[in-house]
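Take a look at the structure below.
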């Protein structure tokens, strides 16, 4: 049998290790490494040098987790932005923003998306508490009963929760409309 140069065998070794070489190439490499110490060392050292390839499921899981937490952060920022403009002239932008927030919440949480309107309600109500207490304990406000301040902020928070709920409903309808069958 004709002696094959080591350079050719060194090119074939990674293919043999990855099981991508033909049977004749595998046999050729096996015959050569029986007689050549240098190529035998290359064959033994190569698998240790190559970094392990992560499994497809692991990569998908990491990507999904990163996207999920990015979405949660976006949802939190959107809810904080919506709550921060409650008593300003920009509060009417929430008629667009809160349904978008609800739809995003549906696509993030699916079966637990009912929590998005509840979260928006609690956040909007709590956001108004400092202003409620400031109004309640100021000197000029003694004619209104104390519970009316909480009722007013509760109604505003309820409106916000309804708009977020409409967004969850829109997300659900879009999910049904574009479902693959």
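Glycine is treated like the rest: Cβ placed from N, Cα and C.
Marked as domain 'Putative zinc-finger' by TrEMBL: 6-40. Positions annotated as transmembrane segment by TrEMBL: 66-86, 92-109, 116-137, 149-174.
Beyond the transmembrane segment (66-86), the same-chain residues lying 6 or more positions past its ends with a Cβ under 8 Å from any Cβ of the stretch are 93-94, 97-98, 100-101, 104-105, 107-108, 116, 119-120, 123-124, 127-128, 156, 160. In the domain 'Putative zinc-finger' (6-40), helix, strand and coil residues by DSSP number 29 helix, 0 strand, 6 coil.
On the 0 to 100 pLDDT scale, the domain 'Putative zinc-finger' (6-40) averages 82 in the predicted structure.
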